[in-house]
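Notes follow the structure.
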Amino acid sequence: MTAPRAPFFPADRSIRASDDPIEVQHLGTVDYRDSWDLQASLAEQRARDEIADQILVLEHPSVYTAGKRTQPEDLPTNGLPVIEVDRGGRITWHGPGQLVMYPIIKLAEPIDVVDYVRRLEEALIQTVRTFGVPEAGRVDGRSGVWVPAHDGYPDSKVAALGIRVTRGVTMHGLALNCNNTLEFYDHIIACGIEDAGLTTLSRELGRDVPTTELVDPLISDLDDAFAGRLTVADHSFASAPDPTRALPKRG
């Protein structure tokens, strides 16, 4: 496995530009475009130091979103509409039962996007492991949080990431599969990955796991990861090709 580069900051230092508490907005179920507009507005305000850092907590009605590296062969075969977005990555699905969090965070200088992504992953890994999936970790070369192959299932992604940083402020974020259906993934090449699977916490734990169970623990772990109280560790259990490397950006 290729050794990751060292972050710009010490592992125990905050990656945030501010020490003020993060404000959390619990939004319920929100149309994707409405949430995107809200993020853009908040990011502009945060860049001007008019508001504190935010984390938006929500779910979406069923929708496909296509990041900048989405390829024609990734697109859905079931006729559902696709929203082209300004985050990184390729195509994914959002819908009921999937916990979505969008941190609007002003990053400290010098901005280290890779470290920010690793801290998002670290928070997710901590939360998922605490909930009873101790094997959860990373696949080198691929973003997100993964569960190793077991019981006939391949290595499977349980949480996806896609971010954008503009004027030093983060947008978009993470999606954690709790008790959502996986059927909508059957009609796309999710994140451009054809040689792995997808899973939910409900499937891994053998019980229904609603999104509400994960909100407070994940918020706490994100806060700790951003602050450096939860430090990034090597949780990689496999390596695989990066499905976005060297692909052209859309538009």
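Glycine too: its Cβ is placed from the backbone N, Cα and C atoms.
What Swiss-Prot lists as active site, acyl-thioester intermediate is Cys191. Under the heading substrate binding site, Swiss-Prot lists Arg87, Gly88, Gly89, Arg90, Ile91, Thr92, Trp93, His94, Ala160, Leu161, Gly162, Gly173, Leu174, Ala175. Residues or ranges marked as domain 'BPL/LPL catalytic' in Swiss-Prot: 49-230. The feature site 'Lowers pKa of active site Cys' is assigned by Swiss-Prot to Lys157, with sequence analysis given as support.
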Cβ packing number for Leu174 (substrate binding site), 10 Å threshold: 24
Integer mean pLDDT for the domain 'BPL/LPL catalytic' (49-230): 90
Residue, out of the recorded positions Arg87, Lys157, whose Cβ gathers the largest set of other Cβ atoms within 10 Å: Lys157
Protein Cβ atoms within 10 Å of Gly162 (substrate binding site), excluding its own: 24
Rounded inter-Cα distance in Å - Arg87 (substrate binding site), Lys157 (site 'Lowers pKa of active site Cys'): 19
Integer Cα-Cα distance in angstrom, Trp93 (substrate binding site) to Lys157 (site 'Lowers pKa of active site Cys'): 13
For Gly89 (substrate binding site), the number of other Cβ atoms found within 10 Å of its own Cβ: 23
For the binding-site residues Ile91, Trp93, Ala160, the one whose C-beta sees the most other C-beta atoms within 10 angstroms: Trp93
